[in-house]
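Per Swiss-Prot, the features are as follows:
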BINDING   Asp241, Val242, His243, His267, Ser268, Asp289, Ile290, Gly291, Thr365, Thr366, Ser367, Glu368, Phe372, Arg375  4-CDP-2-C-methyl-D-erythritol 2-phosphate binding site
BINDING   Asp241, His243, His275  divalent metal cation binding site
REGION    1-234  region '2-C-methyl-D-erythritol 4-phosphate cytidylyltransferase'
REGION    235-398  region '2-C-methyl-D-erythritol 2,4-cyclodiphosphate synthase'
SITE      Arg19  site 'Transition state stabilizer'
SITE      Lys26  site 'Transition state stabilizer'
SITE      Arg156  site 'Positions MEP for the nucleophilic attack'
SITE      Lys213  site 'Positions MEP for the nucleophilic attack'
SITE      His267  site 'Transition state stabilizer'
SITE      Thr366  site 'Transition state stabilizer'
Amino acid sequence: MTNSPRTAAIIVAAGRGLRAGAGGPKQYRTLAGRPVIARAMEPFCTHPGVMAVQPVTNPDDTEMFNAAVAGLNFRPAVGGGATRQASVRAGLEALAELKPDIVLIHDAARCFVTPELISRAITAAGATGAALPVVAVTDTIKQVDSSGAVDATPDRASLRIAQTPQAFRFDVILDAHRRAASGGRDDFTDDAAIAEWAGLTVSTFEGDANNMKMTTPEDFAREESRLMAALGDIRTGTGYDVHAFGEGDHVWLCGLKVPHTRGFLAHSDGDVGLHALVDAILGALADGDIGSHFPPTDPQWKGAASDKFLKYAIDRVTARGGRVANLEVTMICERPKIGPLRDAMRQRIAEITGVPVSRVAVKATTSEKLGFTGREEGIAATASATIRLPWGADGLAG
């Protein structure tokens with residue numbers, strides 16, 4: 001084995017997560033505004049020691065998966081099987097063409113994995129060939145019989161809680177999985193157990209107490225509260241945009257194509273509502289304005305759809321570990337009338353940003369026939385955005 005083994009990772013995300021309650025598969029639910037699976041995958045996708053990340057998903061979840069992990073770098077997902085064991089084997093077979101030295105197998109529901117834990121996994125597998133992260137048992141454990149009566153009290157000094165990523169030499173764990181499948185064994189709950197069954201010695205290395213598996217509604221409630229408490233740096237920004245009317249038969253407003261007697265004079269699609277929101281978000285980040293990120297002199301933005309700009313602004317918040325808490329936009333115009341479109345506009349902004357519609361407000365007013373909007377020469381919009389960033393991002397104490 002070389003000092004720098006060629007390492008790949010499998011992210012197991014084909015389960016349904018029924019114990020987590022309503023809301024769909026748990027790996028696609030959000031924590032502090034970010035999908036669990038994105039939190040679980042990103043440390044592998046960005047780790048310098050991991051050359052490839054292979055997701056294994058349920059084919060029914062393709063749309064959710066693509067939306068949740070947009071922007072990350074990974075191999076095309078493969079479909080999972082009826083059991084976790086079958087899903088892992090599908091991931092291993094998909095990686096066989098790469099012939100990695102080491103493979104890390106990680107559950108998507110463990111979304112607090114750290115780069116340090118990944119590095120320890122790679123080192124352990126390189127040294128022993130098969131290893132898993134563990135943490136000590138701190139509670140007293142009781143073994144009970146079928147009636148629920150205590151049958152024994154094991155010595156917790158020798159007990160450990162298994163975690164992922166579990167790490168193996170690729171060739172040996174692929175062989176073990178193939179042998180188990182051909183032997184009709186499909187009841188293993190983790191990959192270390194398959195390695196043990198195949199006669200391999202499995203070593204352990206230091207896990208991480210925070211590397212918990214999201215399983216129950218209580219897990220989600222607790223971790224949501226913890227993460228939101230850490231996002232205590234609350235910031236606000238405001239934005240303003242205006243566009244004059246020109247020739248055309250429609251205008252774009254808050255992501256909707258609205259029939260109108262005139263169009264906008266604009267370099268992009270001229271959506272004043274979304275442009276104002278972009279400026280508000282960038283202002284909250286102290287990150288310039290829409291013109292500095294998307295110069296009107298740049299031909300690539302000619303006729304561009306403004307939802308791209310808004311998604312970009314949201315990504316800037318996410319990249320700093322934050323989330324958007326509230327968005328508000330006020331349209332200033334005589335026509336078209338905004339009232340009948342208000343709910344559809346709110347829904348469209350929510351779709352673009354991933355912000356719950358209950359945190360998106362669209363309002364409208366006129367200038368009482370005064371000024372350019374009163375003369376129906378164009379439309380203006382103002383916006384505000386409230387975001388939450390982690391304490392310490394700019395050297396401030398929490």
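If you go along the chain as it appears here, the first residue is 1 and each next one adds 1.
Keep in mind that glycine also has a Cβ here, set from the backbone N, Cα and C atoms.
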Inter-residue C-alpha distance, His267 (site 'Transition state stabilizer') and Asp241 (4-CDP-2-C-methyl-D-erythritol 2-phosphate binding site) (nearest angstrom):
13
Check the Cα-Cα distances from His243 (4-CDP-2-C-methyl-D-erythritol 2-phosphate binding site) to the recorded positions Lys26, Arg156, Lys213, His275, Thr366 and tell me which is shortest.
His275
Top Cα neighbour of Asp241 (4-CDP-2-C-methyl-D-erythritol 2-phosphate binding site) in the set of recorded positions Lys26, Arg156, His275, Thr366:
His275
Kindly assign Asp241 (4-CDP-2-C-methyl-D-erythritol 2-phosphate binding site) to one of the three DSSP-derived states: helix, strand or coil.
strand
Just report the maximum Cα pair distance in Å for the recorded 4-CDP-2-C-methyl-D-erythritol 2-phosphate binders Asp241, Val242, His243, His267, Ser268, Asp289, Ile290, Gly291, Thr365, Thr366, Ser367, Glu368, Phe372, Arg375, no decimals.
30
Three-state secondary structure of Ser268 (4-CDP-2-C-methyl-D-erythritol 2-phosphate binding site) from DSSP?
coil
Roughly how many angstrom lie between the C-alpha atoms of Lys213 (site 'Positions MEP for the nucleophilic attack') and Thr365 (4-CDP-2-C-methyl-D-erythritol 2-phosphate binding site)?
49
